[in-house]
Amino acid sequence: CFIIIVYLLENLEDIRPGVPMLRQVREARRKEEKLQEANLKNRQKSLKEEERERRDIGLKNALGCENKGFALLQKMGYKSGQALGKSGDGIVEPIPLNVKTGKSGIGHESLLKRKAEEKLENYRRKVHTRNQDEEKAAEQFRMRLKNKQDEMKLEGDLRRSQRACQQLDTQKSIQVPREAWYWLRPEEETEKEEEEDKEQGEDEYTSEDLSVLEKLQILTSYLREEHLYCIWCGTAYEDKEDLSLNCPGPTSADHD
């Protein structure tokens, strides 16, 4: 009976909570570790890896007498570590080996390089063209602005000339200007005269045929000849000799 009881106690399973789960986890972990070790031992290297290893080993080792090419060099007087050439000014180390690992054909890399250079050159050309266009647009804008400013200055000089002409003509008891545009006209009278000019027809000569510059030249000449007056000097001279001696000239540029 005692022997039977001892046997039953030895084969009795441990029924404590969590003990069976811990055993399963440990067993699974052991199996996984053994499997990894087996895979590591049995793992076979790929063909490329084996080729690379063999190539690296071969490149690290210098050629010996068993190599036919090296033996022929030695017969011709070559010594290990000596530079090539009759005068000894050639290379010492062998030409480096550049292994092509990609699948592209010969010359593909040079083609890619050439395309990259062409792309860069096209980009630089576009940037240069854009900069030229921007500079040209800026220059055109400055020219338009300058022309506008010059036009406004001419219009201002014309108005001053018309105002001076009206005052000087009035001082000489001239009631009607030589030309209608010699004097400044009120807006109402101007509108009426414009309507009358339209009724007269387009074939007749009008002041609108003259530019602002032409009007200014005609009016300043009239002021100098008739009244001995220069709008840029702002002075009425005593006689023609006084005008020619003391006035720089008949244009605005002469007074700059």
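Backbone N, Cα and C define each Cβ position, glycine as well.
In TrEMBL this protein carries:
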type: COILED; residues: 113-151; note: coiled coil
type: COMPBIAS; residues: 188-207; note: compositional bias 'Acidic residues'
type: DOMAIN; residues: 65-111; note: domain 'G-patch'
type: REGION; residues: 31-53; note: region 'Disordered'
type: REGION; residues: 185-209; note: region 'Disordered'
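Counting only same-chain residues 6+ beyond the ends of the coiled coil (113-151), those with a CB under 8 A from a CB of the stretch are 212.
Helix, strand and coil counts from DSSP across the domain 'G-patch' (65-111) read 12 helix, 0 strand, 35 coil.
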